[in-house]
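Chemist: My structure is below; once you've seen it, I'll send some questions.
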Amino acid sequence: MPRFYRLGWASAGDSLDAATNLKYLITPGGSLQGRLRVPGDKSISHRSIMLSAIAEGTTHIRGFLEGADSLATLAAFREMGVEIQGPEHGELSVKGVGLRGLRQPERPLDMGNSGTAMRLLAGLLAGQRFPATLVGDASLSRRPMRRVTAPLTEMGAQVLTSEAGSAPLHIQPVSSLQGIDYHLPVASAQVKSCLMLAGLYAQGDTCITETAPTRDHTERMLTAFGYEVSRSGSRICLKGGGRLSSCDLEIPADISSAAFFMVGASIAHGSDILLESVGINPTRVGIINILRDMGANIDLTDKRMAGGEPVADIRVRSARLRGIRIPLDQVPLAIDEFPVIFVAAACADGETILTGAEELRVKESDRIQVMADGLKHLGIEAEPRADGIRILGGELGSTDGGDGIHAHSDHRIAMSFAIAGLRARGPVEVHDCANVETSFPGFARLAAQAGLQIEQEVV
Ligand code: S3P
């Protein structure tokens, strides 16, 4: 018997486990209005636990994302003996155990759906004096891990993957790690951060050269914990064997979550929203740059620093969007926002072309294929390519009477099609949405408050 929840009076869907099939039902029309605060930044939340756990002293964190991904990281450190109070309303205290104070976990550490948790922890665990195993859900167990295990092996680590180069990862202790001078073959903040975390435990310097700038939250946060990190051009270096000192951290609202409302307000006529205290780190603002190129009406106000990261309030009003060729240098800066950028492209005049984004094929789902399938389902011309997509803007149809769109358990696909519903000709059904919980607990309720006509159904 399906359970229906009309948002506003039920909290279901905010605490569902990922095995549950959650369906979104969107009635088209309406606009987005009001002041909204989306949850804390996921990338920064993961790092806040990892670094505070190996720091000396107690770190107080505010604005932590209580989503399944960052909670998996938190649970892993509790398993390794770290005392953590909270989280309660995004606040927690972590009693750091120092670089060498983690304890051997009694069971495999479950990273759930989170690539960031698995790849960063692989680096941190490679330097410990005990063995550990990292496991994940079906999606995470398909994702490529050799991009971290290969350079870790060069540092002297012992990390075994499955034959396919994926999880589970079995990490054995080694007598010492050596610093590395590594040129990243892919633009990946996860690989960079993994090696920096291993570098804390290595002899000598660990240096990483980036092919393109990627999010620099690890560098910024290490600095906030008093650890010296140097950057010269695209080369980042740190020396092993230092110490981290506890600090207070304030985590900004996640620009990747704000992105759904930025696109929603842009495409839904008559919208006017203010997104509060959103992180606008220059390595994350591709969504703003790309939408502005498309003609979006976005204003940044009250720019300030919080916890070593720049933040601002973002006002978005609806605008007529035009298709563009997405500049290559914006790709790493908007890597998580492409599903919803494709929705903007579907509502824009003319053609949008994305290239240089083959990484999208190895995210929580193959985001090029899954988005192309969903958009075509809604009657939009979307041509997937090996490293991107071509989308011709048009009128979004409806899933009425049909199968609905499949989110393939990918949180960002689910939220993107929920937002697409604002401009559809008829009702839109999106299946397999429970994983929205990984990054944006309460998405449907907040979207409903802002004006999206959304209901959830648990099947
Ligand atoms: C992240 C880096 C990016 C991003 C992911 C979070 C991080 O992944 O897609 O959602 O927190 O470092 P890649 O490093 O694979 O590009």
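Using the three backbone atoms N, Cα and C, a Cβ is placed for every residue, glycine included.
Where the annotation comes from TrEMBL, it is an automatic prediction and has not been curated.
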Chemist: Need a hand: TrEMBL gives LYS42, GLY115, ARG143, GLN190, ARG412 for phosphoenolpyruvate, which of ARG231, ARG235, ARG361, ARG367 is also on that list?
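Modeler: Of the residues offered, the record points to ARG367.
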Chemist: Using only the residues recorded as binding phosphoenolpyruvate (LYS42, GLY115, ARG143, GLN190, ARG367, ARG412), report the maximum Cα-Cα distance in Å, whole number please.
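Modeler: Between the outermost Cα atoms of LYS42, GLY115, ARG143, GLN190, ARG367, ARG412, the distance is 19 Å.
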Chemist: Ligand 1: which of the binding-site residues SER43, ARG47, GLN190, ASP336 have a Cβ closer than 6 angstroms to it?
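Modeler: The binding-site residues passing the 6 Å Cβ test are SER43, GLN190, ASP336.
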Chemist: Test of understanding: give the count of other CB atoms lying within 10 angstroms of the CB of LYS42 (3-phosphoshikimate binding site).
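Modeler: I get 25 for this one.
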Chemist: Work through the binding-site residues one by one (ARG47, ARG143, ARG367) and point out the residue whose CB has the fewest other CB atoms within 10 angstroms.
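Modeler: Among the binding-site residues ARG47, ARG143, ARG367, the lowest count of other Cβ atoms within 10 Å belongs to ARG143.
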Chemist: Nearest to SER43 (3-phosphoshikimate binding site) in three-dimensional space, by Cα, is which of the binding-site residues GLY115, ARG143, ARG367?
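Modeler: Considering only the listed binding-site residues, the nearest one is GLY115.
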Chemist: So among the binding-site residues SER43, SER188, who's got the most Cβ atoms within 10 Å?
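Modeler: Compared across SER43, SER188, the most Cβ atoms within 10 Å surround SER43.
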Chemist: Binding-site residues GLY115, ARG143, ARG367, ARG412: which have a Cα within 10 Å of ARG47 (3-phosphoshikimate binding site)?
Modeler: none
Chemist: Please list residues from the chain of ARG412 (phosphoenolpyruvate binding site) whose Cβ is under 8 angstroms from its Cβ, counting only those at least six apart in sequence.
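Modeler: In sequence order, the residues whose Cβ lies under 8 Å from that of ARG412 (phosphoenolpyruvate binding site) (at least 6 apart) are SER256, ASP336, PRO339, VAL340, LYS363, GLU364, ARG367, SER439.
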